[in-house]
């Protein structure tokens, strides 16, 4: 126990240290790498707290996809290569005094929060009992999935809406002007991609399926599939073109639409919205998960790609 | 000794006058001019009264002397002469007719001072005539059209007056059988005699309707001459009445009525006429006339009620002294004003002139007011029927005098008296100021001078300010009215509101400037703050600050109680 | 006749409803606008007559709309309201006719008439407000509606005047808002009730009641142009003539005076106000205003500014009459509310005609204008004589009652005040008449071509109102005269205390 | 809910969502779809209103689970009023957007066609989020809804595509994210203390350090999102640089979401102390003054309007604080009235400002009067909206200020009355700057061209601004609606 | 006294991370760095939530916070994507105008 506790302490310290390191890194690339490592350690910590679903999500999305997005942006900011120094500034750097005050205040706030945290009762019974009670009616056996797609399905729907909103905004913001092409992978990687892609697809499907009973589920699966798409983009296997737009739009909204339609569709006749008929609960949840997974994958890929495919005047390529 | 003193008193001016004939001595004479009255003054101040010195050899056996009453007249007269002589010396410094003037001046001085010392009728008459006729030269001095006219008028009246006086004195001497003035004054003279005497002295006094000569003469004469004409010589008329008429001995009701009525008319008519005058010195002349009206009231009352004389006489003496000093001061002041070159100096003189003007107008506690109050008290013993009217007249005379004084001060600026070029201003200002101060100090020094005769003055009420105030108000109103009639209503109103508006505008300007400065600062502040905040991204810092604040404030209430709240949370969290 | 409980609202809506239509009419449709204007104004007069007729027959009008709990928008038609409504309706009709002529082919007519209409709606609302809250609402509406009229010319000077006007009146409005809130908080109601609603409050917290009185009077005093809150009025003279006429005769200034009447009589109650010792200072303020305004008027060369200062002075007669706290003085005050309106509107319209027809804007230019514009100047002269207080014109009647009221209240000096004021009135009006009638025109003025022909639209209204001045003076004691009506009102306010 | 129909609460949230999806799928038909969705949503809200009037507060346990396990939707008078307001403004802004995006393209910005295509999905997503916030009864759900709003709002803020808009949008994004994350951490603390997420769980919870911390975090987070002084730094630029319909939505609605949540928190939870409430009032005062001062020196019309939003937000905080904790059970009404008043007026004002900018070609205040072209109706709308924002009777803004001052006065808190007065004077001052520009003519060289005839684009601002003024007369019914289901307990 | 449990460790660590993130957001000058700081904040908040889900006898951890954190992660990545898109676009425009 004590060894584990020591490990926990060490891990927690590493997490905090990496967080600090992330902020202190001079170089933007190093900063992003530190952030990704931070995410990995964080996932480890969450695994220690018996939260494998979260850990998975963090690795796949929090660290992985976010890291990829950051790197891609950095590449853009540096005009294609990752070696150049810099990164755009928001404003003039603040002076030492202000920084000191900021640090002091943030530290004070953290201390106050820490005190409050320590003052809070430990082990207050949460909702686990309710969850356990309601599990049989949820249609799935994995509690996290049950919470995500049944008990708090509304939140999840809105989460998908957030994703949808994100992709809409990203498409709206970026429209392919003065564009540096995404870094292409070498041929070796292309070969790797050829092998890796089918595997990843299968892994994603498995994650989706297993989500009903064990850690895994739509988001993780979507993240894996999204990674597949990202690989596809990087390896130029997938080349978004204006012609793809309707399809892309359809894919983005499919998850949200199906989710919401199901939610509404099951209502009536004494049932509330989102109240799946117990008999069809598993089917409906799977259906939703499947659609959401596809949408998430497409959305994440699109977020990575970062712009609506439009015809640009250069005519070289629809990027 | 008294003889020598008398000789000095009369002989000094007379001798100086004679010395003037010698061209070589003229400078000396002019330098000594202001010392000429001093022997007489010294005699009056330090001589033991009464005393008489008979000089049988002189004229009809002249008797000279000084009694208590004459002394009270002599002192102010000598003072006035001294001041006027000092003024005359500078005034005439560059005058080509200075010698003539000096001659007349010294003769008049001799006559004036001498008549107070005369004890018998012929001597008195002689001095009186000497004074009167030599004054003609004073009035005429300028030789201008105006001066000629005034002198003509003057001499006509002097002639008439002398005639009446001569007749009166003659009759009186006849009736009394003695040449001595004291005897004449003790005898119940016949009415015509008294009337003649009154007329004769009345001319000098300037009581209406015998006043016509006075204002023009005062206006036309050079300033020092005006001062003595008004300050000293008029009093000779009064002294004549006091010395010759059997006041307190017999009642002359009809004459009393005439004199009283004349006095009343004089007080106000002089105002009306004076108000129309433009020359400031003429205005002062009318003021003298008006003042003599007051004196006439006292005399008239004594004529009607002899019992009142005992009370009236000291008061009249005081009034005479008061008027002599104040009015002579005013005349010299007018001269002092005339010789100033800068407006500021003129303004200073004007301000100084306000003092004698106020004294004359009856400023409470000063001699004018005290004299009037004392006269009122004294007349309490006089004819009861007239008393209310007289009281009223005295009060209104304050108003009238105030108006005249205001008119004088205003006209001084409008129509500056003529003055010879190159006059040394100090030579006028100093006598003027001294006289004015003497007039102001009169109530204080009078008891030491007059002894028991000062009793009524010392006991007099301080006087009321309202005639003065009323006069000032009327004067202001009249000024405003006349100004308005000249420039129109709206201009007047604008003038009235102008200072307030200017002040308001100035304050407004200052405020506007202040406000502008402030608003400039206020305008500069937000951008500066903005820039500062943006530069340091303090908005961001604000987030943390607010968070800390809220957490600390929120947490504080949980720290305070020592016993941490540890409720069985489970109970709170049932489904 | 059928009963219409909504009649006050309809009267209000005639002008309030017309405003948006007038605002929206294109600039070109002049005929339509004129027709609509006149029709609405005429209908309004008719409706007011109807309302008066019904009210005189005992029909009580009382409309309420709850806005906040316990706080209503309240329209009523008590005699006092009727008086003011009638005044504004009649004078609106006259001024509308005048404005049509005045603004012929001028710019922004749509805007002008729209806000003009709104302005009258606000005045009617002020008149019929049944509580201070409703009063406040229309008081602010009046501020807003008059602002575009004041700056109608759109020049820098007009905008400056507008800004000053807005600052004064909005600060006054804020004070009134605060006062209304305080009244609501203290008394629990803002209703106008004869005899007042403050009795209990005053008994418990006299200082608070006094402070409230001062606050309310100061707030209303801005519009009533009590010295020293009068600064906006002379400056606001840059407005076009009809606006000045309306501003001075009915709308803004009278709104303030009317508000003072309401506050003194129906919020505090006159006896309570006397008991609180607040009428004395009010009398003093009114007296100072009367004299000050006249004095300032004397020195003005600009005709309109002189008239403006005259208004400052004359409107305080109303305040004076109210504060004297006696029924007779009250009659004088109320009568003067009407009389001054009619007189002053005449003078302003006449002055407008002078400016339009001859380009005469200054007193010094008025030599011989009587010959050039006899009708207009006759009207002006009549009104001026009435203003001075010569019998048998309207002004005499109100001054007479004010003087009587002063004596009745034991304040004999009021007579001296009135005499002094009349003297000053004469001093600043008679020179105008002298110049106009008894002097010959200066050669250049005589030879100058008329700037503009004065149409009947412009010429008639001042003559008509001058006729009113004569009639309401001569027939003061006849039934249905303004004087009779004010007597009726005062009887009500003083509980038959006549 | 035993109806065959889905419940109107869910519909109020999902209908705009479907609209957004459809509009995203069919960009060319986006305006029609969008307006249709807004109308449909309004219809659902009308049905909901009917139910609330009948039944008071309505709860819908989504998924049939009920709190605390599941998520509940809750509709009461306050929520209903906000829903109605949002629908109204969405409709108005939507109509305004038809005209605003009608042109070809803006210099340096996005092509109009793109703006048109993207406006509607974002607007409808925003509506989804707003309605979701109003109806939510779950803290975490509120967080998610805030994020929906944030992303949609950022999208709207940068719709114009100019550098200024993008910069402002990014600053807004960061502020908004940080606010949301503070909210999230606050939710974590709440869960730590109470073990549940529904608002009702807060109501029963004992006051504790963790809850105080939670409240503190959520408060600051929401203050950041509502741009409470001094956390307002992001707002003026973001609102001023967005295109007019977007500005209208941002200023009228988005900032209100945070305020609404604050109201709900204050209603539900043990508020962490009098001092915090006073602090909010003080910060509100700062906002009123600083916002006013900044509006006074703003050089552009839209910037002025944006600063006025800062000031008005502050005023709402003052309204909350006006009578202390004791009075909170009544103060919320004043705050709610002010929220409604500001939303309607500001939507109208931004649309009007946009119209003016479109017609004149710029919105520099100092040169408004140099233009010979005067968009009279838009200017009228601006003036009407200003009347309500200044708080002149009979506008809704006046009613709001009246209730604010009334409560403050009753509680003896004259300082809040003074703040309100000062704010009013400042608002008069800064709005007069604009109005003077509208009404001054002597600097125009060309002949005036005032009435350019009617344009559909003028209708929404005029109607909204007119409503802002006219709704004051309907304050009674509005208050009655607010009190449905007695939020904050019974009327004291 | 508070037992030093796993939950406490990670919870406090989470707060520390949040605090660091906060400091970064406030002070950092670069856009990317601020965004990463925000992500740190999110991670910190997630850690606190997961710590709140942990039960000392680790039988069944509370699944609800887990679900919440997953949602949070997805929301955060969406927001990050949007912010990055803005950053890229701004960079393009700024370099365009600057050059």
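Yeah, the Cβs are placed from backbone N, Cα and C, and that goes for glycine too.
TrEMBL: automatically predicted annotations, no manual curation.
Residues or ranges marked as domain 'NADH:quinone oxidoreductase/Mrp antiporter transmembrane' in TrEMBL: D:136-426.
Per TrEMBL, transmembrane segment is recorded for D:6-26 (among others).
Marked as transmembrane segment by TrEMBL: D:33-60 (among others). Tertiary proximity for the transmembrane segment (D:33-60) is limited to same-chain residues at least six positions away from its ends with a CB under 8 Å from its CB atoms, namely 1, 7-12, 15-16, 18-20, 22-23, 26, 72-77, 80, 83-84, 87-88, 90-91, 94-95, 98, 119-120, 123-124, 127, 131, 137, 481, 484-486.
Here the transmembrane segment (D:117-136) has Cβ contacts under 8 Å with residues 9, 12-14, 16-17, 19-21, 23-24, 27-28, 30-31, 33-34, 37-38, 41, 71, 73-75, 79, 82-83, 86, 90, 93-94, 97, 101, 142, 145-146, 148-149, 151-153, 155-156, 159, 245-246, 249, 253-254, 256-257, 260-261 of the same chain, all six or more residues outside its ends. TrEMBL lists D:117-136 (among others) with the feature transmembrane segment.
What TrEMBL records for D:142-164 (among others) is transmembrane segment.
Among the features that TrEMBL reports, transmembrane segment is placed at D:171-192 (among others).
The feature transmembrane segment is assigned by TrEMBL to D:212-235 (among others). Only residues 6 or more beyond the boundaries of the transmembrane segment (D:212-235), in the same chain, are considered here, and those with a CB under 8 A from a CB of the stretch are 146, 150, 168, 171-172, 174-176, 178-183, 185-190, 193, 255-259, 261-262, 265, 269, 271-273, 276, 280, 283-284, 286-287, 290-291, 306, 309-310, 313-314, 317.
Counting only same-chain residues 6+ beyond the ends of the transmembrane segment (D:242-263), those with a CB under 8 A from a CB of the stretch are 78, 82, 86, 89-90, 92-94, 96-97, 100-101, 106, 115, 119, 123, 126, 129-130, 133-134, 142, 145-146, 149, 153, 156-160, 165, 168-169, 179, 218-219, 222-223, 225-227, 235, 302, 305-306, 309, 313, 316, 320, 332, 335-336, 339, 342-344, 346-348, 350-351, 353-355, 357-358. Per TrEMBL, transmembrane segment is recorded for D:242-263 (among others).
Taken from TrEMBL, the feature transmembrane segment applies to D:275-296 (among others).
Panel annotation: around the transmembrane segment (D:303-325), residues 226-229, 232, 235-240, 247, 251, 255, 259, 262-263, 266, 271, 273-274, 277-278, 280-292, 294-295, 331-332, 334-335, 338-339, 342, 346, 349-350, 353, 365, 389, 400-401, 403-405, 407-408, 410-411, 413, 416, 419-420, 423, 426-427, 430-431, 433-434 of the same chain, lying at least six beyond its termini, place a Cβ under 8 Å from a Cβ of the stretch. Annotated transmembrane segment per TrEMBL: D:303-325 (among others), in sequence order.
Residues annotated as transmembrane segment in TrEMBL: D:331-354 (among others).
Per TrEMBL, the feature transmembrane segment maps to D:416-441 (among others).
The transmembrane segment feature in TrEMBL is assigned to D:462-482 (among others).
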Discussion item. Can you see whether the transmembrane segment (D:171-192) and the transmembrane segment (D:275-296) are touching - at least 3 CB pairs under 8 angstroms, only pairs 6 or more apart in sequence?
Written reply: no
Worksheet item: Taking 3+ C-beta pairs under 8 angstroms (sequence gap of 6 or more) as contact, is the transmembrane segment (D:275-296) in contact with the transmembrane segment (D:462-482)?
Response: no
Worksheet item: Hey, which of D:6-26, D:142-164, D:331-354, D:416-441 has the most Cβ-Cβ pairs under 8 Å against the transmembrane segment (D:462-482)?
Response: D:331-354
Worksheet, complete the sentence: For the transmembrane segment (D:416-441), the distant same-chain contacts (Cβ-Cβ under 8 Å, at least six residues beyond its ends) come to 281, 284-285, 288-289, 292-293, 295-296, 298, 301, 304, 307-308, 311, 314-315, 318, 321-322, 365-369, 374, 379, 382-383, 386, 389-391, 401, 404-405, 408-409, 448
